[in-house]
Ligand SMILES: Nc1ncnc2c1ncn2[C@@H]1O[C@H](COP(=O)(O)OP(=O)(O)O)[C@@H](O)[C@H]1O
Ligand SMILES: O=P(O)(O)OC[C@H]1O[C@](O)(COP(=O)(O)O)[C@@H](O)[C@@H]1O
């Protein structure tokens, strides 16, 4: 996807004039590691697209580096901040909340930090959700909890109503932790703030275990999700190998993208088939999935299948499309569908399979972050605070091309990242599972 360099410019609320209290030169300061406004990195495009810019003599767009700035826009002693978590759960939400609160409190001296309950609902008086005071004390023991201490929600809320609430609370910075839906909402909130001439910064910390947010190399919680999914694959493999013609079938989350299924399958290498939304599923064809599964079972007596929930949705095209309260299409259950198809296929062939179906979806996304993700959340939370304090707005903090960067919302909102069928991840899945060449028996699991 080609990026317009206009999309990579970060908006600011006004000229930052206050010396940052983070400076090591100031008593009680924390750092001298300031990032200059000129520090931009050439990374706004994926490597495969760079040639297009070179061929067409176009300026290669760049993103600015995240991190503390020498001058800040908001006066910490007067600033009020709000944080909200939206959409589906994801490991690390509490780590993000904690790192934002600690950075604001300890490093910048901000004393008014409010947690908005249950996603965007929390801004609407009619729901009656209380606002929570967030201090180092209230966030000290939240890391082991999983989920989000603030709660979350899906569902449309009036953008004007959200901004009314921000005005009533006299908010300076709004931190929104959420996925592509949240990004769309945040974009609209920032536009409404602009149209009212308010000085409120909106910073998104991107979240989804699907790992499909555009211009974000990896979302927090994804590592943890892979870890936990790997255990499910181990279990499925043991079950499958424990019985003649044993089949372990695992469904993992991934609405539009198969990153979790593909990566977890590589972590464990017990999977023999990985089915993802990006690759069209042929079920009954001669070289289709069921035929290949049969070959595998006859040769090896067991098989493990990992399916991403968004795969094979075409099989439900005769069913009514339903939407969740946020407007996302409700996926039909490909796991149960495949289970039934497999059982029917082998019944007809008179092969007595033993199929175990495992769906660990909610167990994965609701658990606490692993150590790596906790560290990652710490970086993202701190960089979100630095961006907001500097008066930047309408951006998401991202890890991209090995750097923490500011991505303007316009550059990412409404777009999506997918597993590239020709890329290293998917090609490695094919090599590791052998699912493309079962006839040649290239899988030794
Ligand atoms: N296009 C949109 N415009 C305004 N708000 C949106 C839009 N899409 C989603 N939202 C809101 O953002 C919140 C989170 O969206 P959702 O899709 O549930 O989760 P996620 O942010 O994780 O993708 C919901 O309250 C939803 O109503
Ligand atoms: O059951 P719910 O809450 O609607 O969530 C299901 C969806 O949540 C996801 O984890 C993604 O959620 P988000 O986009 O909110 O991060 C998908 O993988 C899954 O399809």
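Glycine is treated like the rest: Cβ placed from N, Cα and C.
Any TrEMBL annotation is an automated prediction that lacks curation.
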Candidate sharing the substrate site with 208, 209, 210, 253, 254, 255, 362, 363, 364, 365 (per TrEMBL), from 299, 309, 410:
309
Of the candidates 88, 92, 242, 246, which does TrEMBL annotate as part of the ATP site that also includes 154, 155, 179, 180, 181, 182?
88
Cβ within 8 Å of the mean position of the Cβ atoms of 88, 154, 155, 179, 180, 181, 182: remaining residues of the chain near ATP:
86, 87, 178, 185, 326, 328
What is the number of other Cβ atoms found within 10 Å of the Cβ of residue 182 (ATP binding site)?
28
Candidates 88, 155: member of the binding-site residues with the richest Cβ shell (10 Å):
88
Between residue 365 (substrate binding site) and residue 88 (ATP binding site), what is the CA-CA distance rounded to a whole number of Å?
8
